Amino acid sequence: MATILPPPGTALFRHFTRQSLATIERLKEETLIAPKAGAHEEEEPPTPNPDLEAGKSLPMIFGDPPSELLGTPLEDIDPFYKAQKTFVVVTKGNTIYRFNAEPACYILSPFSLVRRGAIKILIHSLFSTLIMITILSNCVFMTMSNPPAWSKTVEYVFTGIYTFEATVKVLSRGFCVGPFTFLRDPWNWLDFMVISMAYITEFVDLGNVSALRTFRVLRALKTITVIPGLKTIVAALIQSVKKMVDVMILTVFALAVFALVGLQLFMGNLRHKCIRWPIANETASELFNGTVFNDTLSYNDTTWLNDTLDSNSTFDFTEYIENAENQYFLEGSKDALLCGNSTDAGKCPEGYLCMKAGRNPNYGYTSFDSFGWAFLALFRLMTQDNWESLFQLTLRAAGQTYMLFFVVVIFLGSFYLINLILAVVAMAYDEQNQASQQEAKEKEEEFQRLLEQLKNQEQAQVLGSRASLTSKKSVSLTGSDVADDEQSLENNEALKDCNGRPIPRLIIRAPTMKESAADYELREKEESSVHSVLHLDEPGLRERSASVATAAASVATAAASVATAAAMEELEEAQRPCPPIWYRFADIFLKWNCCEKWVVFKKWVHFVVMDPFVDLAITICIVLNTLFMAMEHYPMTEEFDYMLSVGNLVFTGIFAAEMFFKLIAMDPYYYFQVGWNIFDSIIVTLSLVELGLANVQGLSVLRSFRLLRVFKLAKSWPTLNMLIKIIGNSVGALGNLTLVLAIIVFIFAVVGMQLFGKSYKDCVCKISSDCELPRWHMNDFFHSFLIVFRILCGEWIETMWDCMEVAGAGMCLVVFMMVMVIGNLVVLNLFLALLLSSFSGDNLSVGDDDGELNNLQIAIGRITRGGNWLKAFLIGTVQRVLGREPQKPAEEDPADEGEGKTEGMEMNHLDGFKLADGIANCLVGGQPSGVTLDGESSITVPIALGESDSENPSEDDDDQEDDVDSEVTCEENEHHSDGVEDEFGVLQHVKLMGALTDGDSSVCSTVDYQPPEPEVQEEEEEEPDLVEPEACFTDNCVKRWPCLNVDISQGKGKKWWNLRKTCFTIVEHDWFETFIIFMILLSSGALAFEDIYIERRRTVKIVLEFADKVFTFIFVIEMLLKWVAYGFKTYFTNAWCWLDFFIVDISLISLSANLMGFSDLGPIKSLRTLRALRPLRALSRFEGMRVVVNALIGAIPSIFNVLLVCLIFWLIFSIMGVNLFAGKFYRCINTTTAELFPISVVNNKSDCVALQEATQEARWVNVKVNYDNVAKGYLSLLQIATFKGWMDIMYPAVDSREVEEQPSYEINLYMYIYFVIFIIFGSFFTLNLFIGVIIDNFNQQKKKLGDKDIFMTEEQKKYYEAMKKLGSKKPQKPIPRPANLIQGLVFDFISQQFFDIFIMVLICLNMVTMMVETDDQSPAKEDFLFKVNVAFIVVFTGECTLKLFALRHYFFTNGWNIFDFIVVILSIAGTMLSDIIEKYFVSPTLFRVIRLARIGRILRLIKGARGIRTLLFALMMSLPALFNIGLLLFLIMFIFSIFGMSNFAYVKKEAGINDMFNFETFGSSIICLFQITTSAGWDTLLLPMLNKEPPDCDPAFENPGTDVKGNCGNPMMGMVFFCSYIIISFLVVVNMYIAIILENFNVAQEESGDVLCEEDFEMFNETWEKFDTGGTQFIEYSQLSDFCDALQEPLRVAKPNRQRLIEMDLPLVIGDRIHCVDVLLAVTQEVLGDTIEMVAMRESIEAKFNLNNPTSASYAPITTTVRQKEEDMAAVVIQRAYRNHLHKRGIHHAAYIQRSKTGRKAASEDAPEKEGLLAKKMGALYGSDADLADEVEGLRRRPDPQTRCSGARCSPEPPEPNIILVPVEITNELLLHSAPSQQSSPTQTILRETNV
């Protein structure tokens, strides 16, 4: 954070003069000299203050600069620039501009008049406005597809204005030299480019002008430079694009691999068509009478045919098969029907044969014939655009088995990679968000300090002027009496006390009607002042400084100091947006307190209007009004229509009356301060306007505004409120992003129109049979915009084919891919990221702090209480009549206490008037009723359960104790009148008393009621197995029927008990459970055989019927056994047992029906399908599945909540759709061609009916999915929201005219806007909410189960994770190097990293050669590729052979080697036997693709690939969870496919149902359901189900092979089936998949952000293996230094490292060896730093390692490195000390001998050394033996070999002057008692150091 702002005030602003320039130059010189002087004291470099950046507003603290200084050059106010040549200019709006003080363009100095004029123009607000208007006008002109002649002149004007702008900028700033000049701002490059292009295209002829004109569209980007805030969003986008690089690389790589697989599997397949056969031509048919053509023609054998036919020139076979007339086309299809020659591929109809002919489907663009097209097809699959079409084409041509390929691509490619992009964008957004929050927080802290300073200065004055705030009479800061809770703090911000706890808003005052008008008025005014203190939300204030607002808000909400609040109020008054006169006007005209009677009347109105019952009534009216609007349909009777219109009038009246009375009760001034009231007033006004304009044509859309009343429900429905808030917040936050998106859409729409518009016009016949422009084209701006919008929705491929056909493939691909990647993958994902960030755990459990919600609860509470009283009264009356004594409440069973009874609860925070009814009876005669003042007893206040805010009346002790603290703040309420104060004291006492006893209620307030924190529960343990059976029946049953109480100790009872024990033993046995699971799986599998062919397979049918009886019998036996074993009580309290019971019942019923002959009854058939639920029970036994199911069940409430909210949200669009389109989708069609009659022939229904009677060829039909009523509207909206079948709804909508009129092509074009708006709000928002809800739910459930790391700090978690990773690994024993010389050399060669990389490069080259392959390639190319492939096989075989030779049998210990070996064997076999393998299996080239997996190995070697490794790691982490979800999904598909088979097997084959994709067999059902799991094509499967009567279907249709008649569908069943499947699979299960990926990506990201990761430990192990060749897990201490140096960062300890290694204190075992775990722990600690808490962690990791590695038994340390070093040092110190001691003794003795020789010895002096070694030797040296002395002297003069310290041994240093040298021979004997030397003691040393 930059330094604190300079001292505030205007004295800081000084004119920029020549003197200022001189000062800057002087300072600059000083700064240049200063570094040389004090280089060593350099602090961190200063940074510019972010608050004073150019373009920012001047911070408030500076005040307003004097007017004469505005717009003139001033000295720079940022201290950072004091020594730089810059100056600033501040505009009238206090915006800062910074300029370079060097002469602009070397000519204009800062003091030049021209430059000053240019600056004045540049900073003027009108200048930017002019530029903005110019850009927008220019954009409007660019949207013209056929510009008028004069537009050229306008173009010149625009260019002129842009040139003028650039000139002004250059003159004021300079061109490019120095900071803050024109070209130093990257945004100005854009301007420069645009202007340059304008002049270049004008003066230089560059050919294709329209392509160059598209450059003009970049001018739209200039809006980004002009609108503040857009630059930051663009920066965020660029940031996320940078972060996406890794994902993009991974995606491209994965797509390339899949494309290669696709290329090998499906090359040429999509050209197999059905050709008419036999040939009608006689000459040809003679040729083909051979037997070959009685079978199907094999794929590519047409060549010999052509050779055969060459001789016969009259018939050209190629031309015959290429001719479209000889190919089989389905009705309405542009492409011929595909077919295949494998058994499960599509078959040709009679008279046709499957051959390869013609081009590929979709203009030839959909194919796998070359790598490029295969890649495009895979990209399409990954983005899931119209992929069902590709899926169906491929399966039809290649066979249904290949569904597996699509499953893999959809799950890995689509779900995983696309959502990784979302995860990355979300993370980038999140990081930026956190950074900005951090910045704001720092700013606020800084501002707080400044504010403190200000406050101290002004305190005395403030306290004097605002004393009224603290007066006794004043209202407390805790609430407001005037309005209902709507008047409370906006955004429901609770007030807080000094501890940050919420202050209750409760004001207990007996509601009295006697309060005088004056008091009322005074109180109201005081409240308003407090209200305004707490509402610093004025826009003016916000504009000046966001941080002030936040600081002010935090000061106000702290509510610790009234003085601060007063200061802030003054501050606010200064910043009020309106002049004071308006406030005076408001006081006079908008606060209605004219006379006392009026005030009393007003209070009565307030009392009534604000009553909870009125709220309840209004809510009921809203619901009824919504129902009335939803009842509109087509066709309606007149009576019904009249009823609806009357209803509308009534509701409009009710809502108008509510608004009117609220205005009276609250005064307009306060009424319009509440958001909901403004919302109400707008709707009421619009409703009234609509009544007036009811008959005006075209204004019926006003009726739609009434629908917004539905949103009023949000006041009383937290989830809807949350949704609206989230959308509100997002739209607010998205304001800038939406603008960016709009600019992107605009630019691409214009680019498309400019580049391709002409081509669409000229080449239209290529894509349209009638040569009219199709609906999707780019010839004008609106249609071009629609295409771009459609691409944003994810549908790009179909429009791109059209574009490629008319305008060429290259350009279209570039433009469409850019829109797709930039618009869809980046910007839309940023939308979603923003939406997800709006979610937090609190959002879904929205607190009840919304006033209106309490009102509803109170009203419902009263009703409940009334109902309970009535019930009790009636029961009492009946009992008295019957002569019984009514039960006293006191005697009630404690268990039932609180159910519907009044109970002591926390009192609601009700304002004065709300107390009128609900709590009035608490306060009777100045004492709270229900409060006993007996000191002993606990005290409660009666309140109806429903009236409480809290959902959970009894809290835990802890919570209550906490509450005591927070709620003591109630004493702030002593601002009330004295009478209430007394009561209040009691109430406080009450509260404290209540807190002592569990379950008693707090009386003070529940405004701060938080639901108790979810307890950290341990995951439910499996209940311990019961040893014997429990009781059969519950205690109540036994009480009621005593005969059930059996004595089990004797007689029959004992036998019964033994029987139960036996059954229990059987049931509890593992084998029993396994057997039952096996039976369940078998019975489920049996269901899959009951398809439409069952009647033809009599044997199978008989077997299945018999098996069904057996299964039923087994399950009944199982159920009975369990009843006997467990008893009814246990059995029927288990949900899985209930499921079992339900399924067994179904089986029994259907079996009984079969035996009685009722098997053909519809209900019985439906019941049979419910047997498909059987697998659920088996899967309840699988742990993984159960986890997913539990998670799902946990999420169901939230999912339903959101589903309900979505339905309400969609209801508005559905009703609007009914208003706009009901009855308008009907059309008159030609029954033979299914084409529409033009309006010139048929104008309306009556014309059509007449034509039908005349010719029988016309029919008046409706579109199947329409808006004729709200339910159908919902279906339409679901199709639009999933983007499936939405075209079939949009086209009739834009063609519609009026009810019962024939539609006309695009006559109602702007109806597209309805769909665009719905897609944005109904699809982008609400569907993505599901992801938000599910992710949020997962996180909440995690919290509930308790993260295992709750009790660890962040640092410890990192440590823990690191430890976890390294504990699970151990170094492997490396493969020993062979003793043989040649083998050894080869071993060294293949162990090199270079060898690995070389092989990887070869693999990649091999892939490249595969990519070059195409369908129908020339023989020469084929031959060349074959040879290259053989060469590669030889190389890889060579690699394999070398490894086998060098590694011997160890080769097979590595998984990768085995993998390589198998691939090589398969490749060789594939080359040799390619024809046989291809005929019976898949193409052998696939084996080469498998080799790509090896590239995964190289990722570890590349440092830059860490990001990609993270992504793959995230995938690996997700796999187990994804497998569980996959299982669940399969289960759902299984159940639905069985259900589909029994209900939709015989529907008419049309739309999406055909011979291959249908519900006739289990296989084809599963294929259809897999397809619609991604919501693809579900609309086409639904359409045939909607046929219910002729002529759409034929009820008498004969289905061959069965006795089932008819091919009509069941519309209701179809809609329920498909909608429920879409919601369950597409919205819930698939989103769980996404949630897991996002979660794991975040985890992986955190892990990769850790200092140490998995790879570092692997690298450690690999390095260790090189040093510990025996795999002993120990190395020599002497090797440690080299080992630590050989490690890679971050674990490396570089040389010289001896000292650091010793300090690590590593344990040594016998033989000075060190264990790997010790070294690893030590280097890890070096990286992470040392903390005390890690001791326990180390112990646990060592224990874990010992567990994993039994080899470490010998791991018993005897010393450590530090200890060893200490011992060495100790030895040296002892030796030195002993030597010094000997020197001293020697010197004493030598001096004595010398004195003896010279005769100076005193007579009484004795020899110091009388006996011992020293005396003996010195006697020998100095006593008598002179020769010996000379010899020693000679020895002394020899040079000494040892000079310096080495290790722990220190050698003698050279002698110093003035030292007497006494030669002493010290032998081993002499050193006997010294410390042991480190290595070996020298036998002879000469002692030289003698200090005298």
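Our numbering is plain: 1 for the first residue shown, then up by one each step along the chain.
Heads up, the Cβ atoms here are built off N, Cα and C, so glycines get one too.
Note that the structure is a prediction, hence the values are computed from the model and not measured.
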From Asn289, Asn341, Asn736, pick the one Swiss-Prot annotates as N-linked glycosylation site? Asn341
So that I know how the record lays things out, could you check whether Asp802 and Asn1543 fall in the same topological domain in Swiss-Prot, i.e. on the same side of the membrane? yes
So one of Asn281, Asn306, Asn1661 should carry the feature N-linked glycosylation site according to Swiss-Prot; which one? Asn281
To which residue among Asn294, Asn300 does Swiss-Prot attach the annotation N-linked glycosylation site? Asn294
Just the number: how many Å between the Cα atoms of Cys274 (disulfide bond) and Cys1593 (disulfide bond)? 27
The correct three-state DSSP answer for Cys1593 (disulfide bond) is coil
How many Å lie between the Cα of Cys765 (disulfide bond) and the Cα of Cys1248 (disulfide bond)? 31
Any chance the transmembrane segment (126-144) and the transmembrane segment (677-696) are in contact, meaning at least three CB pairs closer than 8 A with a sequence separation of 6+? no
Nearest by CA distance to Cys1593 (disulfide bond): which of the disulfide-bonded residues is it, out of Cys339, Cys771, Cys812, Cys1228, Cys1248? Cys1228
The number of other Cβ atoms within 10 Å of the Cβ of Cys812 (disulfide bond), counted over all protein chains shown, is 23
Going by C-alpha distance, which of the disulfide-bonded residues Cys339, Cys354, Cys803, Cys812, Cys1228 is nearest to Cys771 (disulfide bond)? Cys803
Cys339 (disulfide bond) and Cys354 (disulfide bond), Cα-Cα, nearest whole angstrom: 6
Contact set, same chain, for the topological domain 'Extracellular' (145-151): CB under 8 Å, 6 or more residues outside the stretch: 753, 757, 779-781
Of the disulfide-bonded residues Cys339, Cys348, Cys1228, Cys1248, which sits closest to Cys812 (disulfide bond) by Cα distance? Cys339
Taking a Cβ cut-off under 8 Å, which residues six or more beyond the ends of the transmembrane segment (733-751) line up next to it in the same chain? 139, 142-143, 214, 217-218, 220-221, 223-224, 227, 229-230, 232-234, 237, 781, 784-785, 787-789, 792, 815, 818-819, 822-823, 827, 830-831, 834
Mind telling me which of the disulfide-bonded residues Cys348, Cys1593 has the densest Cβ neighbourhood, counting other Cβ atoms within 10 Å? Cys348
When you rank Cys339, Cys1228, Cys1608 by Cα distance to Cys348 (disulfide bond), which of the disulfide-bonded residues ends up on top as the closest? Cys339
Out of Cys339, Cys1228, Cys1248, Cys1608, which of these disulfide-bonded residues is nearest Cys803 (disulfide bond) by C-alpha distance? Cys339
